[in-house]
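Trainee: Questions regarding the structure given below will be posed in turn.
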């Protein structure tokens, strides 16, 4: 299917088959499609509404074209979310990666610079002193040595360069805003994945089921966070061995007090890192609590905790005893040694 035909179909409201979407995505990712065609197609697709089949096909093409990170670990975990919730809160998903690694998970943390908040995973890790420009073998070595590696998206998804211009110029969310967490270059089958809109909670879980993931928690909070919130209830779609279950969780069920989002907001990567370090030093406040509840879910997703309750309790202890802080420091050293 050529780009003009695909644009015609989606603007008429017709869903593409997986085979058709695969052809279109290959043209976008290999530079065959023009910027105008890319923009027109993405907008048409958004107005129609992306289907699970279309998202699955697009993710498969991106995975195929990515620079792979090969690690001999069947239970790799990723905590990458979509970003884009405009909350300007500390980078919870990054903090969770180190708590989960301290709890025995092997973590391939996929991430990038900021989408719409003050800082993304890459910004925070750079502020901590980590090198971001590692190649696939160096990332794999960090995972082997310290249990966590950072997969900086531009290093692994070079084919994305063809879509960057149109996406930036359009300035609206498109299919690509949800593809990042679906295209981990290490193929992590376990995930805690926050999405920027509740509309995506179940479709993303269904997409990951089609892609072969094992245990995933897709989350969106009522207060808008693409994390499990301590300021509101959170909607969860749990994928576990092919079955998807929806439920809601609250901070109270884990014995945590509610907090205002303003208690978690930061203006720079350095401020985000400072809040993370406070939590990693065992200082119990809103930052500690939101990291604990999300890291607990990550431990459960990685099958390192039998229940969410056990995961949250375990994550809190890893924060209190300094294990998460030591893991962060070991990771930063590893990025500078490999």
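If you go along the chain as it appears here, the first residue is 1 and each next one adds 1.
Yeah, the Cβs are placed from backbone N, Cα and C, and that goes for glycine too.
According to Swiss-Prot:
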BINDING   81, 84-85, 89, 91-94, 109-117, 121  5-phospho-alpha-D-ribose 1-diphosphate binding site
BINDING   81, 112  anthranilate 1 binding site
BINDING   93, 227  Mg(2+) 1 binding site
BINDING   167  anthranilate 2 binding site
BINDING   226, 227  Mg(2+) 2 binding site
Trainee: Restricting to the chain of residue 113 (5-phospho-alpha-D-ribose 1-diphosphate binding site) and a gap of 6 or more, list residues whose Cβ falls under 8 Å of its Cβ, or answer none.
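Mentor: Counting only residues 6 or more apart in sequence, the Cβ neighbours of residue 113 (5-phospho-alpha-D-ribose 1-diphosphate binding site) under 8 Å are 119, 120, 122, 123.
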Trainee: Compare the Cα of residue 227 (Mg(2+) 1 binding site) against each of the binding-site residues 81, 89, 110, 167 and report the nearest.
Mentor: 81
Trainee: For residue 226 (Mg(2+) 2 binding site), which residues of its chain lie six or more apart in sequence with Cβ-Cβ distance below 8 Å?
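Mentor: Set apart from residue 226 (Mg(2+) 2 binding site) by at least 6 residues yet with Cβ under 8 Å, we have 81, 82, 83, 84, 85, 87, 194, 195, 196, 219, 220.
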Trainee: Reported as an integer number of Å, what is the Cα distance between residue 167 (anthranilate 2 binding site) and residue 112 (anthranilate 1 binding site)?
Mentor: 16
Trainee: Neighbour count, 10 Å Cβ-Cβ cut-off, for residue 227 (Mg(2+) 1 binding site): what number do you get?
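Mentor: Excluding its own Cβ, residue 227 (Mg(2+) 1 binding site) sees 29 Cβ atoms within 10 Å.
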Trainee: Using DSSP and collapsing to three states, where does residue 112 (anthranilate 1 binding site) fall: helix, strand or coil?
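Mentor: Reduced to three states, the DSSP call for residue 112 (anthranilate 1 binding site) is coil.
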Trainee: Counting Cβ atoms within 10 Å of each candidate's own Cβ, which of the binding-site residues 110, 167 comes out highest?
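Mentor: Buried the deepest by this measure is 110.
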Trainee: If we count other C-beta atoms within 10 Å, could you say which of the binding-site residues 89, 93, 112 has the fewest?
Mentor: 112
Trainee: Measure from the Cβ of residue 81 (5-phospho-alpha-D-ribose 1-diphosphate binding site) and count the other Cβ atoms within 10 Å, all protein chains considered.
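Mentor: Neighbour count, Cβ to Cβ under the 10 Å cut-off: 31.
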Trainee: Do you know offhand how many angstrom separate residue 112 (anthranilate 1 binding site) and residue 93 (5-phospho-alpha-D-ribose 1-diphosphate binding site) by C-alpha?
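Mentor: Cα of residue 112 (anthranilate 1 binding site) to Cα of residue 93 (5-phospho-alpha-D-ribose 1-diphosphate binding site) measures 12 Å after rounding.
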